Amino acid sequence: LAGAFCIPLYVPYVLTGRWIFGRSLCKLWLVVDYLLCTSSVFNIVLISYDRFLSVTRAVAYRAQQGNTRQAVLKMVLVWVLAFLLYGPAIISWEYISGQSIIPTGECYAEFFYNWYFLMTASTLEFFTPFISVMFFNLSIYLNIQKRTKMHLDVFHEVHNQSFTEEMERSPEAKLSLKCCKWEQKESAETLDLSKSKAQGAASTSSLDAKDLLATSSESSRKPKCCNKKSCKNSASTLCSEKRMKIMSQSTTQHFRLSRDKKVAKSLAIIVGIFGICWAPYTLLMIIRAGCHGQCISEFWYETSFWLLWINSAVNPVLYPLCHSSFRRAFIKLLCPKKLKIQPHNALQN
């Protein structure tokens, strides 16, 4: 809208230094221009607030995600508030004050040099939204860092624990240890019984007793169910499974950490570009109003003015085009046939 309506009317005005489209179109141009820039700022706040809720109140956010009426109401409210901030003043300022201060061939708002009104409007249009966006995005970043730290702490705690302790706590390890203890007890009982039999038969034949003792000793060294080697193999298997589980957790944590860093970077870029594009114009506009345009060069004011439109051009790249869901929504609006042909997974990539 800014590129289709505001800029084409403003370029001849800048080049010639004279407004040639009449007073009515001047007011319409001012209303649309202020409306679009202000709604752009308020939409940034709304999107940041929406992201803030999706991170800090994920369960409640997902429960209300399908509420189309509430989403439409929020978007309409943004445009209504953006219009109320400047629209009524642009339309009715000269009627309330009783006269117009704009010379013939010029086109700017009646409150252009009213420092008090501009300071109040700038607080609502830039300072409050900028602080709000910084708060929402900083909260999102801190929440991401907190969750990442918690995941890493859990991983390190599991990783630093002894595999032997973990093995003894597991049901499989306890069963294996019970098996070994039972077999060792059974072997000891067999050995005692064999020894008593051997001693009883010693008077009959010393050779037979020796053979019996040798047999009982050999049987005691070879348990039926499991031995030290089988217990060791069982422990080794359990340790290997535990290592594989921890490696899988490590990979997952690394992926989440990488994703969280990307989110943090994108949020920093959004806040930074918003501040770069709006801070110069806001400050210069307030200073210009205070000194009635005598202390600010026209070149710098025009440069800061164009930064607002540049921000309107950058916002669609920063927000919708960086997310697959927004891309699918735009493709659905602009090319519905293309969306039907392409699979969902292809669009996600």
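Using N, Cα and C of the backbone, Cβ positions are placed for all residues, glycine too.
TrEMBL: automatically predicted annotations, no manual curation.
As recorded in TrEMBL:
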DOMAIN    1-319  domain 'G-protein coupled receptors family 1 profile'
TRANSMEM  28-50  transmembrane segment
TRANSMEM  71-93  transmembrane segment
TRANSMEM  113-142  transmembrane segment
TRANSMEM  266-287  transmembrane segment
TRANSMEM  299-322  transmembrane segment
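Beyond the ends of the transmembrane segment (299-322), by six or more residues, the same chain brings 2-3, 6-7, 14, 36-37, 40, 43-44, 47, 266, 269-270, 273-274, 276-278, 280-281, 284-285, 288, 329-330 to within a C-beta distance below 8 angstroms of the stretch. Residues of the same chain lying 6 or more positions beyond the ends of the transmembrane segment (266-287) and with a Cβ under 8 Å from any Cβ of it are 41, 44, 48, 115, 118-119, 122, 125-127, 130, 133-134, 137, 140-141, 295-296, 300-301, 303-305, 307-308, 310-311, 314, 318-319, 322.
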